[in-house]
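Visitor: Submitted below is the structure of interest, expressed as structure tokens.
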Amino acid sequence: MAAREIKSPEVQPETPASLGGNSESFRRKKLGIYFLESDDRRTAFGGGYVGGTTPVNIHGKPIPDLSKTGGWVAAFFIFGNEMAERMAYFGLSVNMVAFMFYVMHRPFSSSANAVNNFLGISQASSVLGGFLADAYLGRYWTIAIFTTIYLAGLTGITLCATMNIFVPNQDQCDQFSLLLGSCEPAKPWQMFYLYTVLYVTGFGAAGIRPCVSSFGADQFDERSRDYKTHLDRFFNFFYLSVTIGAIVAFTAVVYIQIKRGWGSAFGSLAIAMGISNLVFFIGTPLYRHRLPGGSPLTRVAQVLVAAFRKRNVSFSSGEYVGLYELPGKQSAIKGSRKIVHTDDFRKDGAAPSPWRLCTVTQVEEVKILVKLLPIPACTIILSLILTEFLTLSVQQAYTLNTHIGRLKLPVTCMPVFPGLSIFLILSLYYSIFVPISRRITGHPHGASQLQRVGIGLAVSILSVAWAGVFERYRRNYAIKQGYEFTFLTPMPHLSAYWLLIQYCLIGIAEVFCIVGLLEFLYEEAPDAMRSIGSAYAAVAGGLGCFGATILNSIIKSITGDRQQMHPSWLSQNINTGRFDYLYWLLTVFSVINFCIFLYSAQRYKYRAFQLR
């Protein structure tokens, strides 16, 4: 197909003042806009596609009647997949520490670090899934492939907990032997197998975490008058499904573990994942798809290389000056609208090589990705706190009375309370929070996305500060009552439900921060990079998990001295350790992080969307 180069008309209007002070030299130049045009409006270099963000079916063809696809019905099929993934995620995070300690006979600290690494891999690897979805596979096929990997990993964990060959000998290993560390340890190959299937499961989340929320949001028509409202409610319902999965993990799965054993507990996670996969595939005819836009890394590299080559070139040099873009409404990037030029980070020659000349949309994509970075980066501390709560608060609960009247809740059920608080808040969000906050802020949705993220970060400071206060009280009480060296014996007169305050506060923080962040990244990310945009949130979560592991290792090495018999802050015996110091250190980090967020949010400018 023949393509021709088109230049703008010779006549140039008076140069705007924004171009600088050399107006006389600019008046003598022609302001040129260069683009390639072909008869069938394909991409800049000839690759055919359905333009813009037009939804297509699974075969990549335009959908004749959009009313028969997408919408809330399709979204609910997608919710099930995320619910099962989070059920497995939280089920493993809360049970795997106990499984490694009681069955594999690993110390609490190394078990917690292994689980933190699992949590980190499952989130940090999301950037790979987001890249594959945006570049080559599309969100649907990325979810389909990685959810199968996830199921394979869960099956391997179930086999480990079911077959005696994969675990050490359990004979003559009572609670006293566990305290002394004299139980038979797991063989290296047994731990290698467990770590392998655990990290395969975490890797399987790489294609689910960044794609499910974006794929669900893709089901709504951007041209609809109620699109913003649907999107806002979608992300709240999406996180509600995440919360339901967590609640089931912290209650039903724990109950199964107590009544039927570890094999049945992990097996129930595998069965739930298998059922959700089936439901996801059943909904295939209803889904709306977005075509992958080619490698975003290549486009980013092209912009960086072109910018580097022209680093010393004056904007006014050459016969023509101006910006390069394609004509019409379509951009050179498959599955993306054009992006309006901005002056956030301030090219020549008419050569069409993408390594020398990039379109405005390409350049703006890179600028947007850079602009977005500080916001999810500020949520790393929140993820770090959540990770610490998942592991350290379980150790706290082992020393406390978990009875509600005659009912005794298992310790591993304690993290269900943040989930319950999230469920309650999301249920009341539109009936209570939105009307009240709308009167204060004047915002139609009660608060902007960045305001919600800020509220979440502020509440997380209160949560971790309270955790430090209560842990100091709990430790002093244990020492006074003679429980200093019996850290697995619950104290009958100190209730574990004091932990509910920090749990509920962190649940509130999670609702505002994570839901606001997901919606912010989906709307602000370039059209052809929305999975990568969503992956930003998951990567921040993964970095928080890895950060928890690194922080724990540093604290253990700095604060502990075996030669002088001085326990570290994170001693396996929580009553001789100083968890309260760790919580207060996190409080200081959180306050500094919140100040950085306020500065970043104040400077951030929301995207301007070009009319279609």
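Each residue, glycine too, has its Cβ placed from N, Cα and C.
Whatever TrEMBL says is automated annotation, not expert-curated.
Per TrEMBL, region 'Disordered' is recorded for 1-23. Taken from TrEMBL, the feature transmembrane segment covers 87-105, 117-137, 144-167, 192-212, 233-256, 262-282, 372-394, 414-432, 453-470, 496-522, 534-555, 581-601.
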Visitor: Which one, 87-105, 372-394, 534-555, has the most C-beta pairs under 8 Å toward the transmembrane segment (117-137)?
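Guide: The stretch with the most close Cβ contacts to the transmembrane segment (117-137) is 534-555.
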Visitor: Are the transmembrane segment (372-394) and the transmembrane segment (453-470) near each other by the rule of at least 3 C-beta pairs under 8 angstroms (pairs 6 or more apart)?
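Guide: These two stretches do touch.
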Visitor: Do any residues of this chain, six or more beyond the ends of the transmembrane segment (372-394), have a C-beta under 8 angstroms from a C-beta of it, and if so which?
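Guide: Hits for the transmembrane segment (372-394): 93-94, 97-98, 112, 115-116, 119, 123, 411-412, 414-415, 418, 450, 453, 456-457, 460, 463-464, 467, 499, 502-503, 506, 509-510, 513-514, 517, 520-521, 524-525, 533, 536-537, 539-545, 547-548, 551, 570, 579, 582, 586, 589-590, 593-594, 596-597, 600-601, 604.
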Visitor: With CB pairs under 8 Å as the measure, which of the listed stretches 87-105, 144-167, 233-256, 414-432, 496-522 comes out on top against the transmembrane segment (262-282)?
Guide: 144-167
Visitor: By Cβ distance under 8 Å, which residues at least 6 away from the ends of the transmembrane segment (496-522) in the same chain are close to it?
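Guide: For the transmembrane segment (496-522), the list is 213-214, 217, 231-232, 235-236, 238-239, 372, 375-376, 379, 382, 385-386, 389, 393, 396-397, 400-402, 404, 409, 411, 414-415, 417-422, 425-426, 429, 447, 449-453, 455-460, 462-464, 466-467, 470, 474, 490, 530, 533-534, 536-537.
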Visitor: Ranking 144-167, 233-256, 534-555 by the number of C-beta pairs under 8 Å to the transmembrane segment (87-105), which range is first?
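Guide: Stretch with the highest Cβ contact count: 233-256.
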